C-alpha cells in the first residue's frame, strides 16, 4: 500500500530546500508531500538548475508514488523574501508553521511520517519564539510528556537521557525517574517500531570511567546502577551498564548492542557522527507519529550552490519509509 510522508524543508535560507529539490529527481515508492513556500522552491530550483514540476497537494486524492521530476507541495506562505545563505528573522514563524502543519497532519493520520530538514534555532528565537529544537517542539505540540532523541547510522544506534541542556545541568537531570521513563520509551519503540523482539540496551555511565567506584562521581552508585537493577528485575529488559563511555564504543559491545544509551548529548553523538556523518539519521522516539531528520545543520554557506550533500537527508527519508512499511 502506498503511504504518504510529509517533508518539511526547514530554514529557507539553508540547504533544506536544496536537499528536497535534489531528491525530487528520483522515484520514491510512496508519496512525498513537502511543506514549504512554493515560490521559494521554484526560485531555488531555478538557481540550482533543477527542472522540477511543482504540484499542489490535494488531501482528498489517494497517495501515489513520487515520480521523478515532480514535487507535491503543501504551500505555506512565507512572509518575506528569501536569499540563499542569508537568514531573515521575518521568516522564523513560517518555519514553525511548516512544522505545525506536518505534525498536525500526522496526528490526524493524514500523513504516515514526518521527515524534517534542518532549521536554524537562532533565527527562530530572534523572531520572538522560544525554540530549542524539533524534538521539544513536536513533544509540546502533541502533548507528549517525554520523548527520546535517537540517532542511527549503519551498525550503531545511540539514544540520549538528556538532550539540549547545558552540561552543568546534566547531573541533576539524570534522575531515577527520568532514566526509567527514557528506557521504557527506548525499549518499547525498539520493539514496536524497529521490530526487535528482545532489544539489548547498553548504558553509559555519567562520569569518567563510570565513576570508578565513586572516586570520580557518585551518580552511578546512587542513581544509575540501582535504577538499571530495578528495571531488570521488574521488567526483564536486557540492560548492560553503566559502562565507561570511552570503552562502550568498541566491537566487543557494539556487535551485541541494539542501542547505546548516553547520559548527555556530546557523550555519544561525536562517536556516531564520526562513524556515519552524512549517512546518519535523527529519530524521535515516544511521539504518537514517526519522525526522522537529518543529522546536520542548515549549512548556510552551501545553500543555493548545488554542493549540499544529500546523504543524511536520503538516509532520513529511507529510515522513515522503512518504519512506515514495518507498520503495515
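Quick reminder: no glycine exception, Cβ is built from N, Cα and C everywhere.
Its own atom aside, the Cβ of residue 273 (substrate binding site) has 18 Cβ atoms within 10 angstroms in the protein chains shown. Marked as substrate binding site by Swiss-Prot: 134, 135, 273, 282, 291.
The divalent metal cation binding site annotation in Swiss-Prot covers 164, 209, 265. Non-local neighbourhood of residue 265 (divalent metal cation binding site): 160, 162, 163, 164, each in the same chain, at least six residues away, with C-beta under 8 Å from its C-beta. Look at residue 265 (divalent metal cation binding site): DSSP puts it in a helix.
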Across all the protein chains here, work out how many other Cβ atoms are within 10 Å of the Cβ of residue 282 (substrate binding site). 24
Cβ contacts of residue 209 (divalent metal cation binding site) (under 8 Å, same chain, 6 or more positions away): 216, 244, 246
Return the residues near residue 291 (substrate binding site), defined as same-chain residues 6+ apart in sequence whose C-beta is under 8 angstroms from its C-beta, sorted by sequence, else 'none'. 106, 113, 114, 115, 116, 134, 138, 283, 284, 320
